[in-house]
């Protein structure tokens, strides 16, 4: 069979593809990618293929070019999606959101930054608040991003940026929400991976006199920075990045004392990683137990002491990160004025960790993949379910399009959070009893195996449940809490305020906290008009202009792009309310009654039907 001309030359909107199959879809992206066109539409959905190089398509001139243009008037671009969000927010007086999804290394964070860049430019203010919002990124990336095998600047946390606008479209403020920082990276990195950027930047960029005060040396001297046998990152200048970080801290109103106190905690983390188990503080080498209302000290083994030290270090870094995000929000968030006439609208940008499947998957991967399942269901609901339900309500003759629905996987994962009592083994037994007979959950192969499998929308992932419950508890021993209580470091006490408070209720589990945050996020997204950017990683080697067909088709399959094209092509993606239709085409109406309030009068409806005939 000869190839359709659209498959030979490529199209900028895949709804117009003549060869509506996987091969045609893949070839279209490949043809455009080789021509330097990394963006392609599927209706209003943007597919972005990571070029792994800087392209000259994000200049101020490009921002101006894509401002106030209808989607599709110009070649596909992330700026076009940002402009559509901004235009729809102002026209419809409705909050917007953009869900940016894809695997690690697909370019989600860069797409988010470009969206922010465009929105800051078109809001028209050129104000201090816009600069502050943009400068939050270097800080968050320093503390939340790291070099991994797949990505030299991998976000190891999820974030939702809610940008607030007044009725005229000027930015009034913003707020960052962070999700599930990968705290384990502070103590352990895989081969050829680094710890968080901030440690290497600090050691390279800090003035010698400050390093001397903190007894700091080179990255190669610290256990926590050398577990991956990788202390440098090609193409990344840690000295320059530290200067950018310091500049951003000042713009976000962090004082010199704030920065110094942060450096002290980071230095303490590095030094703790080098301390031998037998030289640790007594609070980290023994555990106090209550027996018959008496406190008894129990010595810990070397392995237990190391685990306790690592738990303490992870807790410090995790709570420091939360404190930094709160400080940023205190600088950029402006409460709405106490005026009922004041209109505040928002555009939310979601940049969250991609689907993960490693050789060894643990509790963190289960949480990350659960979040991805939730977002995939949000996509499925908006692109397939609501669309076809609308056609049924309108009595439109329609052949339902089959699509992969991940609701059953969510039903398995969205059970009651893991019990904090018991052991990993009892948890596994309970899961086997509840889910063992289904096809979503795969029990261990034998009684000694600690791995179970979950059939995700992106494929089967096997998880090792060893350490699940301990990670889920996410608590510190009373001995460590007492150590913090007696510390003279004010910032340390501040970030552990909840733990030190005697009135504080029992700390919820990590799974419970994450579920609560995720539920809140999904409720927020549900109230917004959504846009979607599907980021595609073209190869596993971070090489420019290299397109791995097998890797790309796998991503296109599990993201549902084939089914999306079918429903967009066969369906009715453009829709208006009666009021919007009348407002747009009122010049064609014969009736002199053009008030939207009378839009449902029979005479006006009759005239509107006549207008519709022009389009049929």
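All residue numbers here begin at 1 and follow the chain in the order shown.
Just so it is clear, glycine is given a Cβ too, placed from its N, Cα and C backbone atoms.
Note that this is a predicted model, so its numbers are computed, not measured.
Copied over from TrEMBL, here are the features:
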DOMAIN    9-616  domain 'Myosin motor'
BINDING   102, 103, 104, 105, 106, 107, 108, 109  ATP binding site
REGION    518-540  region 'Actin-binding'
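In this structure, residue 109 (ATP binding site) is part of a helix by DSSP.
The DSSP secondary structure for residue 102 (ATP binding site) is coil. Take the mean position of the Cβ atoms of 102, 103, 104, 105, 106, 107, 108, 109, the recorded ATP site; other residues of that chain with a Cβ within 8 Å of it are 50, 151, 354, 535, 537. Here the binding-site residues are 103, 108, and the one with the most other Cβ atoms within 10 Å of its Cβ is 108. It is 104, among the binding-site residues 104, 109, whose Cβ has the fewest other Cβ atoms within 10 Å in the structure shown. Within its own chain, residue 102 (ATP binding site) has 48, 108, 354, 534, 535, 536, 537, 555, 559 as residues 6 or more apart in sequence whose C-beta sits under 8 angstroms from its own. Helix first, then strand, then coil: DSSP counts for the region 'Actin-binding' (518-540) stand at 9 helix, 8 strand, 6 coil.
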